[in-house]
Amino acid sequence: MAKEKFERTKPHCNIGTIGHVDHGKTTLTAAITMTLAKSGGATAKKYDEIDAAPEEKARGITINTAHVEYETANRHYAHVDCPGHADYVKNMITGAAQMDGAILVVSAADGPMPQTREHILLARQVGVPALVVFMNKVDMVDDEELLELVEMEVRELLSSYQFPGDDIPITKGSALAAVEGRDPQIGEEKILELMASVDAYIPQPERPVDMPFLMPVEDVFSISGRGTVVTGRVERGIVKVGEEVEIVGIRPVQKTTCTGVEMFRKLLDQGQAGDNVGVLLRGTKREDVERGQVLCKPGSITPHTKFVAEAYILTKEEGGRHTPFFTNYRPQFYFRTTDVTGIIKLREGVEMIMPGDNAELDVELITPIAMEEKLRFAIREGGRTVGAGVVAKIVE
């Protein structure tokens, strides 16, 4: 059977559900698919189908990330049901990176809880651009004033983590009512209202091809009589023959010119996001470029050594360390295509970091790397991964 062609008629956006355990993230995800299925915008998925991650059945905790897709009149969405449990913060640090926006689910009966706060903080740290709120289980609260109090509390919490708490749309409803097909005024109608706010409030992400050119260097060759060729996969933007590019990271920034782009042994006049290409550089010597640097549009990215990271440290069971680490720990940081040694300083009042913890770390690399906020990395010791992280803030 031929594969269905993916109709790319609508703009695409990646979103997810976040929030405290048992506040209704997975039920809401099911409710969205069921509601949109009525207009042909989704395949209805039951709670059990979304929650079907093998580890999770024993403890009722979603561990693995479930993926569903659906569309509204305006956009096509890929939706991840993010794990709510504190242990699974790692999905946010490593994977929920794929979120252009998120739906924060808060139970009206409980109000914000510790993981609500933690997920908002993580969304801020890992750079989720926008949040909308679904206040769930409103049928469990009789008092209108209580609902208003919870709403105020949620808005204040969002503001305290630098999200625009006053402006964020909050939809109040019951995901379960929508799933069970009852009380449309708090069920189905509210799901449609929520999706309208997601459509309107979560900005359309810029397409990789429209961003400034960047290509991590994987390999370097010299071709006699032609010069130096660097190969890699273009991460974003477009590089055209004749354009100036910069080589950033590890050593002082160098400027050069792209004199040729080659893909599958064919010469092209440009390479764009997603292409595996060889880029010919004018007047650059083989020894001037190395793996771990990036080619980029001049001025679009700068080299840095000091940054604040949000990191998750793997447990022993996940193949990580068996023991905690302390301040001045010196692992390797794997950025894009290379390892760089860095020194970790723990925050004041933090004695040590245990396997399974997530924490804010101050890092100083021994050589500069082309860096920007939201850049992901692995923490490694002797080639094995012991942690995952994201650049939350560049210091210098």
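Yeah, the Cβs are placed from backbone N, Cα and C, and that goes for glycine too.
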Do you know which of 60-64, 75-79, 275-279, 295-299 Swiss-Prot annotates as region 'G2'?
60-64
Looking at the ranges 5-8, 69-72, 81-84, which is given as region 'G3' in Swiss-Prot?
81-84
What is the pLDDT of the region 'G4' (136-139) when averaged and given as a whole number?
98
By Cβ count within 10 Å, point out the most packed of the binding-site residues listed: Gly19, Asp22.
Gly19
Positions whose Cβ lies under 8 angstroms from the region 'G1' (19-26), at least six residues beyond its ends
47, 50-51, 61-62, 66, 81-82, 84-85, 104-107, 110, 112-116, 119, 134, 136-137, 175-176
Just the number: how many Å between the Cα atoms of Thr26 (Mg(2+) binding site) and Gly19 (GTP binding site)?
10
DSSP tally for the region 'G4' (136-139), helix/strand/coil in that order, comes to 2 helix, 1 strand, 1 coil
DSSP on Thr26 (Mg(2+) binding site), three-state: which is it?
helix
Under 8 Å Cβ to Cβ from Val138 (GTP binding site), same chain, six or more residues apart: give me those in sequence order, or none if nothing qualifies.
Ala108, Leu147, Lys172, Gly173, Ser174, Ile186
